[in-house]
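Trainee: Just passing along the structure, written as structure tokens.
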Amino acid sequence: MKMADAKQKRNEQLKRWIGSETDLEPPVVKRKKTKVKFDDGAVFLAACSSGDTEEVLRLLERGADINYANVDGLTALHQACIDDNVDMVKFLVENGANINQPDNEGWIPLHAAASCGYLDIAEYLISQGAHVGAVNSEGDTPLDIAEEEAMEELLQNEVNRQGVDIEAARKEEERIMLRDARQWLNSGHINDVRHAKSGGTALHVAAAKGYTEVLKLLIQARYDVNIKDYDGWTPLHAAAHWGKEEACRILVENLCDMEAVNKVGQTAFDVADEDILGYLEELQKKQNLLHSEKREKKSPLIESTANLDNNQTQKTFKNKETLIMEQEKNASSIESLEHEKADEEEEGKKDESSCSSEEEEDDDSESEAETDKAKTLANANTTSTQSASMTAPSVAGGQGTPTSPLKKFPTSTTKVSPKEEERKDESPASWRLGLRKTGSYGALAEITASKEAQKEKDSAGVIRSASSPRLSSSLDNKEKEKDGKGTRLAYVAPTIPRRLASTSDIDEKENRDSSASSIRSGSSYARRKWEEDVKKNSLNEGPTSLNTSYQRSGSFGRRQDDLVSSNVPSTASTVTSSAGLQKTLPASANTTTKSTTGSTSAGVQSSTSNRLWAEDSTEKEKDSVPTAVTVPVAPSVVNAAATTTAMTTATSGTVSSTSEVRERRRSYLTPVRDEESESQRKARSRQARQSRRSTQGVTLTDLQEAEKTIGRSRSTRTREQENEEKEKEEKEKQDKEKQEEKKESETKDDDYRQRYSRTVEEPYHRYRPTSTSTSTSSTSSLSTSTSSLSSSSQLNRPNSLIGITSAYSRSGTKESEREGGKKEEEKEEDKSQPKSIRERRRPREKRRSTGVSFWTQDSDENEQEHQSDSEEGTNKKETQSDSLSRYDTGSLSVSSGDRYDSAQGRSGSQSYLEDRKPYCSRLEKEDSTDFKKLYEQILAENEKLKAQLHDTNMELTDLKLQLEKTTQRQERFADRSLLEMEKRVSGKSQYLLGGKKSSRKKDI
């Protein structure tokens, strides 16, 4: 029945199964399409890191790029070098991997092998042609990064063998950039190519690395100072982030936008290095002064036309600047400028001696200027007609900063000449690799607060015109104050020293021959030089020599009393609106420069003086300290007769109210997202890459903690060594004192035997050697116990535990000594009662004389023993074990003597008592003096021992705490390394799974 029921149930189950969803499924398992698709490059990198050469070959056959780089710029060869996979390194190099491929920070595979200390990989890479002089973004070669001595020796030998100049290799990038910048300046157009990933330009690289000469040339070539990369960073962002003060100053003097924000809403202040924040704020105040004066004055434009003949006799000084000077005389609020004027006069007196030599060269350079005149005039006419079709650039003070949104240079970024491409490939640390930015300073949450604080600071100051660069002159005092306080130090990359005067002269010749006459913009030094020239010429040549058109520095208006204000009206050049206004005014307001014919003599003198000022400034730079203000080089357009100096200097005026400034400066940006910014993500990836480079995943904090623990262990070792030396000295002292005591005890025993042989009977003779033997045995046992305790601390232990064991041994010996002291005190207390009996008995002896007189010999012996007691009292600095051994001998002999006396007293032999009394009385005196001094010694030594015990207990607790901390650290490090290993293993397994799935899919 049961079987039938079971079969029936089974049949019912089969009927239900037929037609069910499971039955309808096909026997072959359907493969679902994988939703996750990995990049081919990521699959290739995962295969290389796993060491699967067959898979790597298959991927290469399918067209995978062997030089594919991840987000950090690391290639498979980099990763193989970091992982110490020699086979994969050889496999990749044999299959055509670029052995000198740099990552985002300029590290080539040899850098990675050198930092990790893999000698075999480094030797193989060098044998295959790796460049030992390659420099990363921070200016480090593989030799600089190497830490192990063997690696340093290998790389140094290779550098010597190849004859590589390390310093030249470090400056190679700047040299290449200088060459390119000169070519662009001479050709008149810029062939810069943005970095493929970051979008960085040559101006970004020069600003971030502090290449000031390159920066000046690029700005002189009309490079846009506000150009942005793909993250929205301007060159000022880069210079501020990497702490390059000189680059920041040059950019601000050329009127870059200091309020420009990147893609995540950060200004240059938000990403700046902490050390230069104050300097940036000072620069912003000075730039705001320029902008505010420009806005408030809005001085009228002057147009005047005249022919060449009239210009030769008329004065050319009556132009826009003299009108502004006349307005400045009536202005009421120029007190702040008067302070700066006084400072400038003091500096001018200091520089008179250096100015005199350049003034003498003025006449010599005039003939040279006449030869260049024809070329410059022809070029100037073409440039002025070209600029008329665009928004008018500001040509003031030799500053060629494009101020309109349009770029002032043709950007031919699509095609590059083959020579340029070859040079790019050859350069080992090419600046076109770009810079990596980190968001380590200036989080998104701080942006709004920093902007509000900046608005409040800037609203209080007077704002100055954009086209009059007053920064360089007004920064002189600040630069000198900085020299007194100590120069600021940049922390990112080494600052390249300035060019010498010879190279600057070559640059000037190249610039004059190829393009419109390039004149260094007037710094405060150039302004003082011009004023000295004016004074000298006014004394020698008369008023007509004052009419030469000249470069004017930003501090114009401070010395208006020195200048002639009643000049005859003459021809002048039309002046464009300022750079600050070009952003706010409509395009129609931007007038073009209408060039007029000027005096040939004026043109000659202006070019001569301008060139002289440039040479003076370069010589000044060469002799000055590194923080001295350098002069940015920029071209000015020379007319058919006169230099068009589009100077719109404005001085005082009513300062706009803070509310107007805030309205004008209010930010209308969209609110920033709370998500992680690109710069923060890059910062985290950089940190992860640093931990990947070292195979153990050790971070900087771990290294610092390790150094601290090493320092502590060294200090404990030195302590332990000192303790061991002290113990050795104590042992030597103990041995010497024991030998002396043995000798003294033997001599005393001999004396006693000789002196008392007549009176003391045979029982006492039998007893005496036993007492001495017990005393000596007790001393030997005590000394052996102490020596064994001290020697136990000298066992072979690890260094970290020596201090603890020695402390334990010291405390053990001290405890044993304390126990011995307690026993002796108990013995003393036991003896106090018989002592009092003897004292009562003593006057009876004197009262009842038995006819036996005291020996004179006894008194002599007492004196000797007093001397010995005093000697013992002076030796209080002896160790505890020695004092205890001496104390034991005395106490044992005394106690045995007491027992013997009591036994003889009971026997009642009067004759023996009478014979024994002299010795007893002498022994009692000896006992009383010995015990007092010994008791005092023991008390003092007990106090010392208590203090030492307290110290050792404190040391012991400290050592226990340190031991617990070290064990916790080791456990924490072990856990951390395990977690990192698990993460890596899981990540690699995911990559492998994804790669295998994709390969299976392709196979299917």
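Positions of Cβ are set from backbone N, Cα and C atoms, glycine also.
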Trainee: What residue among Thr371, Thr600, Thr695 has an entry for phosphothreonine in Swiss-Prot?
Mentor: Thr695
Trainee: Please find, within the list 35-38, 131-134, 151-154, the residue stretch that Swiss-Prot describes as region 'Important for interaction with PPP1CB'.
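Mentor: That would be 35-38, the stretch labelled region 'Important for interaction with PPP1CB' in Swiss-Prot.
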Trainee: So one of Thr385, Thr591, Thr850 should carry the feature phosphothreonine according to Swiss-Prot; which one?
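Mentor: The residue tagged phosphothreonine by Swiss-Prot is Thr850.
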Trainee: State the non-local partners of the repeat 'ANK 3' (105-134) in its own chain: residues 6+ outside its ends, Cβ under 8 Å from one of its Cβ atoms.
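Mentor: Non-local partners: 73, 75, 77-78, 81-82, 84, 86, 89-90, 93, 99, 140-143, 145-148, 150-151, 154-155, 158-159, 162, 164-166, 169, 428-429, 433, 436, 693-695.
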Trainee: If you average per-residue pLDDT over the repeat 'ANK 3' (105-134), what number do you get?
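Mentor: When the pLDDT values over the repeat 'ANK 3' (105-134) are averaged, the result is 93.
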